[in-house]
């Protein structure tokens, strides 16, 4: 593979300019789908695509595409990520991957001309669910044809508006969503910040991602008997807080002892009635458990469920749970992974191969294309905060791996 | 001691009639201090006192007193409890003790005439803090002279009104509060429902209370590092939820293993940011720890604090706490306890002697008088709910112990 040149100044310029739309405090971004700042960001992305000599198009949900037509047939090789942010998020989560696809195609066109296979960059409209919590990958779901006809009127935002209303507000017609479906994408490569500290601890700038973890969210209700905190003896209580504490300790320890990449998080707790002097009636809590390996994932979930049942039964508590989220692991395409690994070696860029502990648009795209991802080191492993940061040298290395990979696939 | 006769029909009549003021659902009472229903309940109490031949007076905070003057000098022998309820509470918590004092004096006057020492029944205006959360025993604090001059304007209710405004609304002048102070009370005996299941499990109708437990509320803030639930490995987390779960399990187990009457409750938990897919930044929680024995109480608190410090340090978490409540145990007067025990024996009523795990007006009254309490069995140990219930036969036994005790002290 030839050496790919990426100009750091242009990379930094595009990140900073894009971050002006929805700028929050000093370093943050608050840019939810279909907001005025989102419209402005997508417009700027389209402008940059045109300036790079790419054919610009927009689909029915507002994804922006930049196309570099190939000289031969075959499905497209696509790279991109999402343009929306958390509230607030930072400058890098999502936006960096949308820019990376654009910058890589611009560099490839400048340095190598017309590709054999068609290349496309894409800025996906929505991934975070930060305005409409149940969108569940709106941009990439449209591309894969998985938005149901009644979804636009059923997806309701935190402000009570439906996503159909929000689409109409920016000139998009929800009835057109089926037209966004693509069946001509062969490969989708997404660059993203790592959002964790593993690369930082390994002192490496980039990773090739060989799987996206499986995620299950348990929403658990543990019910006991509300009593007076002073007058009711310990030995006669059916205290759901005691059961919850044991379960939370147990599931966290289970994932810790299984070792990387197993993770389990208890992030949300609602106590009823939540009074200092009252033994609670119930504790409602979430268990977020993830593993990228299908077999190990099953072991993790079985251990969590066995513990929850055992603690509840032993303590005389009622327990019930549902799965708010239950995504199977998404394995990257081995051929694309090998291509990206070879691309990194060809550019002399040290890297590791790792799974992603977070969910990404690539999971959706895997339904219609071969996928893989590239991670760029995150400072302190932070994300979903204005403090998230990746250095320009690391980002440039990431885009060079991406561009070299796309070159290998398309030239 | 002679046998004291208490008419069950009159007991039931007064309980049911009083419960009409603030009646809530089928069996509940919602009667907060200085509300119209509270005014009506105190008026009825005053009427019943007058009907019983007691001299009625009202003090500056609205406590209602019924006095049966003795033939000799010396401080008064007083019995009563509070007339206000939780929102909603039941028919028995507080009200039963106010009625018991009245019914006992009525019976003693009818059956034994003028006492040697002055007897008084009292319906205290407020104990629950259910309208003004920082009242902290408003009625008994006025009697003991512990309401500061600026308290009436500083005590603010859940609806934003000050207690000074509420007092004026029912014709009471906050400036007169110092006149409610009493320095002529020798003994205060309070009858109350147990609010716990100990008598029920022991199959006994009543108890003599030899101490009111010491209470400390720790308000604990445990702070770690907020991270992505998927991308951050278990071994690098500083997860305050993991620390909290270990602490909650530990303090609950500590009290359980110390045995009765030690109790520790974790009733209130606030997680920040409380998202299913976010390792929390902080967990704020309460630890309510109680023991009636001063030395054992110190052991309980020391164990809790050592555990909290150890868990936080080992897990790299920051921890800080304050005491929202810190009441020393209140020991009953041994002489009054002995008198009540002897009273129960004299009436042929089986009883046990136990500490109270809940706080009561008697704690305040102990600053100016010798105190002791009588507990009546609670069904299922319930209180602070419309479902609380004590049977008329049990209540009659409790009032007979009270009346026999007052007879021994005053005749």
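Positions of Cβ are set from backbone N, Cα and C atoms, glycine also.
Record note: TrEMBL gives B:93, B:192 as Zn(2+) 1-binding, and the candidate from B:82, B:217 in that site is B:82. The annotation in TrEMBL ties B:93, B:128 to Zn(2+) 2, and of the candidates under consideration, B:360, B:384, the one tied to the same site is B:384.
Among the binding-site residues B:82, B:93, B:128, B:192, B:384, the ones whose Cβ sits under 8 Å from a Cβ of chain A are, in sequence order, B:384.
Neighbouring residues of the recorded Zn(2+) 2 site, listed in sequence order and excluding B:93, B:128, B:384, comprise B:85, B:86, B:89, B:90, B:94, B:127, B:130, B:383 (Cβ within 8 Å of the Cβ centroid). Among the listed binding-site residues, namely B:93, B:128, the Cβ with the most fellow Cβ atoms inside 10 Å is that of B:93. Long-range Cβ proximity for residue B:82 (Zn(2+) 1 binding site), meaning a same-chain Cβ under 8 A and a gap of 6 or more residues, is found for B:94, B:95, B:97, B:98, B:123, B:124, B:125, B:126, B:127, B:128, B:139, B:361. In three-state terms derived from DSSP, residue B:384 (Zn(2+) 2 binding site) belongs to neither a helical nor a strand segment and is classed as coil. Taking Cβ-Cβ distances under 8 Å and a sequence gap of 6 or more within the same chain, the neighbours of residue B:192 (Zn(2+) 1 binding site) are B:81, B:93, B:94, B:96, B:97, B:356, B:360, B:373, B:374, B:375, B:376. The residues near the Zn(2+) 1 site, meaning same-chain residues not in B:82, B:93, B:192 whose C-beta sits within 8 angstroms of the mean position of the site's C-beta atoms, are B:81, B:92, B:94, B:95, B:96, B:97, B:127, B:193, B:360, B:361, in sequence order. The C-beta environment of residue B:384 (Zn(2+) 2 binding site), restricted to residues of the same chain at least 6 apart in sequence and closer than 8 Å, consists of B:86, B:89, B:90, B:93, B:195.
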